[in-house]
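Q: Pasting a structure below so you can have a look.
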Amino acid sequence: MSISTVTAARILKGQYSGLWEKEELVWETFPYSAIIKTYTTDSQVADSAASANAYLSGVKSNKGTLGVDVNVDLGNCSAQLDDAFHLSSLASWFQDAGRSTGFVTTTRVTHATPAALYAHVADREWEDDQEVRRDGEDPDRCDDIAEQLILSDTGKRFKVVMGGGRRNLLPKAVTDVVENKKGYRNDGKNLIDMWQRQKASSGSRAAYVWNRQDLLGLDTSNTDYLLGLFGYSHMDYSIERDNTQDPSLPEMTKAALEILQRDAGGYFLLVEGGLIDLGHHGNKGKKALTETLEMDEAVKVVLSMVNLQETLVVVTADHGHSLSINGYPSRHTDILGVAEVSGEDYLPYSTLLYGNGPGYRTHIPGHRPDPSRQDMAGVNYRQDAAVPLRSAAHSGDDVGLWATGPHAHLFTGVYEQNYIAHALAYAACVGHGRTFCGGGVRRNRGVETCRGQRRWHRQRC
Ligand SMILES: [Zn+2]
């Protein structure tokens, strides 16, 4: 969600509301904002795994690795096994402090962003055991991400897990409940069943749901643990979603908060609008922007449910995409349309353009397709890209961060991405470092002392 994505989504929201360029996304009303530098230990341009390590664990790492530090190179199973190289995340810090945790995403629950909360793997693609084996490694040695979600110490302690990706939790012998396809797992494990048995054996009130009706009908006040898997792979784009089947990101966010907010000691929730990135990968501007507006709705739900005197809300992006808003379109011009002026080839071009990706079309003068003669309003229209790539690459430009609530003032300036995790831990009095509640290591004592304090910003606990 590059800055250009935020700007373009704001204008699209304004097209719908009539406010056009003057419109605001919900987080643009937050009192504090910052600029975040996203480069990784080995790349100027981040992927979602390395960037999630940074903002969720406070340590920059190599591209493609999850929950491990710079000592683990991409795909190095042996290095993955060394505990000394493992990172701990905000989720585990909150859990160690006795607080509730959860995450909600529109991607697979085993995808890079959520996985950085609970997994330690040398390759983000090891979402199930067959993918570990495909890379010539032994899945019995190097546990895959889905297994770590259900069986790891951090994974087991999530109160809320919602997103897509049933295929990575199901064995090959099992056919998916919606799609007529088999699970991906070679090891025979049905991790969804295992999760249900695990919670039942501990006497917890747990619910597994896979469709919107069951989620909306769930009595969240009597649910301690919730696993919601609403897609065989990623969830569908909001503009293509079957609303009778799949919940929206705002609906999942609401259910997650209803469960987590029952913890009087506080909670941590990660909400990811993961399909913004996927839309951009296809150079499909309309999908990326409408997913950004879906995130906007989710943040609106958050603000309607939390007390900003005691809850810090932070909105940011893991990395950018090479979207540019260019030309000189007049005010009140469709952001998904043409920029009004023509190029030197006397042909119009779209306001939104990409640096690279599958939207590449010939640039030979006179042969460039005229975008105004194409279905630019279509959900699958690809804006032009300068360089052909099957899937668009990310961009390395800085991203934005917007914050409101206690300690939001910690985000005013230009920061390394890994600063985010430390600032959040400081504010929430969790983790191993220095916190608002006092010096590091005495975290349990600090948390106990902090409980019940509401006026965090005025009073030391
Ligand atoms: Zn991506």
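Cβ atoms here come from the backbone N, Cα and C positions, even for glycine.
Here's the feature list from TrEMBL:
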- SER48: active site, phosphoserine intermediate (ACT_SITE)
- HIS111, THR113, GLU272: Mg(2+) binding site (BINDING)
- ASP277, HIS281, ASP318, HIS319, HIS394: Zn(2+) binding site (BINDING)
Q: Name the residues of the same chain, 6+ apart in sequence, whose Cβ is under 8 Å from the Cβ of HIS111 (Mg(2+) binding site)?
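A: Once residues fewer than 6 apart are set aside, HIS111 (Mg(2+) binding site) is near SER48, THR105, ARG124, GLU127, GLY163, GLY165, HIS234, GLY274.
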Q: Could you round the CA separation between GLU272 (Mg(2+) binding site) and ASP318 (Zn(2+) binding site) to a whole angstrom and send it over?
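A: Rounded to a whole number, the Cα-Cα distance is 10 Å.
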Q: Within the same chain, and leaving aside ASP277, HIS281, ASP318, HIS319, HIS394, name every residue whose CB is within 8 angstroms of the centroid of the CB atoms belonging to the recorded Zn(2+) site, in sequence order.
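A: Surrounding the site, in chain order, are ALA46, ASP47, SER48, HIS280, ALA317, GLY320, HIS321.
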Q: Taking the Cβ of ASP277 (Zn(2+) binding site) as the centre, count every other Cβ atom within 10 Å, in any protein chain shown.
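A: Other Cβ atoms found within 10 Å: 26.
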Q: Measuring Cα to Cα, how far is HIS394 (Zn(2+) binding site) from THR113 (Mg(2+) binding site) in Å?
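A: With distance taken Cα to Cα, THR113 (Mg(2+) binding site) is 15 Å from HIS394 (Zn(2+) binding site).
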Q: I'd like to know which of the binding-site residues GLU272, ASP318 has the most other Cβ atoms within 10 Å of its Cβ.
A: ASP318
Q: Cβ within 8 Å of the Mg(2+) site's Cβ centroid: which residues qualify beyond HIS111, THR113, GLU272?
A: SER48, ALA52, PHE103, THR105, THR107, ALA112, PRO114, ALA115, GLY163, GLY274
Q: Just to be sure I understand the packing, how many Cβ atoms besides its own are within 10 Å of the Cβ of HIS394 (Zn(2+) binding site)?
A: 22
Q: Where ligand 1 binds, which of the binding-site residues HIS111, THR113, GLU272, ASP277, ASP318, HIS319 are close by, with Cβ under 6 Å?
A: ASP277
Q: How long is the line from the C-alpha of ASP318 (Zn(2+) binding site) to the C-alpha of THR113 (Mg(2+) binding site), rounded to the nearest angstrom?
A: 8
Q: Sort ASP277 (Zn(2+) binding site) into helix, strand or coil using the DSSP assignment.
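A: Once the DSSP labels are grouped into three classes, ASP277 (Zn(2+) binding site) ends up as helix.
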Q: Once near-sequence residues are set aside, which residues in the chain of THR113 (Mg(2+) binding site), 6 or more away, have Cβ atoms under 8 Å from its Cβ?
A: SER48, ALA52, THR105, THR107, LEU270, GLU272, GLY274, ASP318
Q: If H, G and I count as helix, E and B as strand, and all else as coil, what does DSSP give for GLU272 (Mg(2+) binding site)?
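A: Once the DSSP labels are grouped into three classes, GLU272 (Mg(2+) binding site) ends up as strand.
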